[in-house]
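Report on the following structure.
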């Protein structure tokens, strides 16, 4: 009996623990940690020396020590991802029969048709509708935060194209369900259909897709030309429209449900951004090995029960209404044996849409548990991270799958401005969790494993730790170098090996991880550069936003980043040239840091050459000179943008001059205070 039941159970996926990676990661972590302990001993021993035996001021020594401790803590948190890396093998052929598969809802979120390319958004809609899943159990929702007529009209165009595309995918066994990717690829992506019939059908379908793109672009162009004076993206009623409710032609195959949803927005009601509407490779593989990755951005599947809970018919009605609101129709869907069904009667369908509009109103959630205990949680602007953290704390598990062939492709920001804005928002949300009562180190210890807790702590504290430590490394040693004060051991001192080992260890380990995951040295170099830039700009301002928010001086905001790529941006991006067209607030800190490092390095170089290495200056100051040199080489693109380039995307002269004033101020005031 027991053997029979075991034979019936066939796993849908198998987890593989990468033992080689575990050995390498843990051995490296142990050796690196030992080196950090020696560094701490070296720094602490300074405070026990007799004042007569040292000429180094205490304040800069203390500040650089704090920077080293913060960066070491950030490194320690990241080791949790490397503790137990795993991969998974999936067996889709073992899925149960269609009648036993659960119903799924696919939410596609968009916020601004001017910043998010409508053609790509609609490709996602079409791809979701073409999923190899029973159509009666597949429901696709386009969630439009702006309530834009452009998105609604484009969704209708996507539906009309999908009525031909979905049967085409089914008939010819297409693996790539995204039409844009399919038609732009030279690879054959179908079953055994290679005859003239398939080629003719493909050509016809490609023509239909070109028509779709033209229609979508025409809709967007009309909107950008004429605008919509009657529509306010911050003040509009709820809009719910079933796109395929009325169809004159009979479809070749049964189509999934497609619904356009725009939640009501009023200036007098706080809006919860994407959460209200929804109501880097190494890290995620490692996260998967310690309980599963957090919810991150997009392309994740989540059980309805995880967000809302599980209830029986015996549950007290009033208790459910206090949590989920007064809608009896919605509460009916919460019970365990509820079976969703289609309504074909016109009057019943109209009444259902009216009730759905009530649920989408901005006041429905008042005095309920939405956003605080059920659904996506509204505590901060990174609602995906916070919701994932809460679900893991409740005992839910998640798994991470990274197939060789991407299932969905998103569009990332491609210029410095939009990337900085995006990371500033994320940094603000993560830091707000880190310094709140929901801090993972306080809120999670009794409910989660210590390794998983460290993963969440790394994400929460990442902006703050990196911001503070890198500002310290970017300024303190340079100010001391400018004033001939040594913060590092002489090259001939055995203690110098501590810093050398830590630096080389970090560099080689990161390079190893990039190369072993299919990256190149260029990718590794860019990662380091972007990390430095992000730490002194986006992380810095994101952390400041949280401080101002706590003081009641600023409110958290959500601004969609621009993902529409024009020809000029695309050309610069493909050439690997930085586009520095952004606000001065982002450029000034970055340029100021570079100018301070140039001033300190050049002065030290001149002093060393002119005075012919007086008093062993080179040996004594090598550590700080190398640090400045490394910062300048890693951020050569900033120097290039200031001095060499003269195109529109270079750093404006007035920003360089303003940053020059800031750098002089830092050198003068900083030298007076620290040295």
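Any Cβ shown, glycine's included, is placed from N, Cα and C.
Annotated by TrEMBL as transmembrane segment, the relevant range among 562-585, 586-609 is 586-609. TrEMBL assigns the feature transmembrane segment to one of the listed ranges (9-28, 29-48), namely 29-48. The transmembrane segment annotation in TrEMBL falls on one of the ranges 453-476, 525-548, namely 453-476.
Here the C-alpha separation of residue 115 (UDP-alpha-D-glucose binding site) and residue 384 (active site) works out to 21 Å.
According to its DSSP assignment, residue 384 (active site) is helical. Packing against the transmembrane segment (60-78) from elsewhere in the chain are residues 32-33, 36, 39-40, 43, 46, 283, 454-455, 457-458, 461-462, 465-466, 468-473, 476-477, 479-480, 485, 487, 506, 674-675: each is 6 or more residues past its ends and has a CB under 8 Å from a CB in it. Among residues of the same chain six or more beyond the transmembrane segment (29-48), those with a C-beta under 8 A of the stretch's C-beta atoms are 54, 56, 58, 61, 65, 68-69, 72, 75-76, 79, 82, 489, 495, 498-499, 501-502, 505-506, 509. Cβ neighbour count within 10 Å across all protein chains ranks 145 highest among the binding-site residues 115, 145. Here the transmembrane segment (453-476) has Cβ contacts under 8 Å with residues 60, 63-64, 66-68, 70-71, 73-74, 76-81, 283, 286-287, 290, 294, 385, 389, 392, 426-428, 430-431, 433-435, 439-441, 444-445, 487, 531-532, 534-536, 538-540, 542-543, 593, 596-597, 627, 631, 666, 670, 674 of the same chain, all six or more residues outside its ends. Geometry remark: residue 145 (UDP-alpha-D-glucose binding site) versus residue 384 (active site), CA distance 16 Å. Counting in whole angstrom, residue 384 (active site) lies 20 from residue 116 (UDP-alpha-D-glucose binding site) by their C-alpha atoms.
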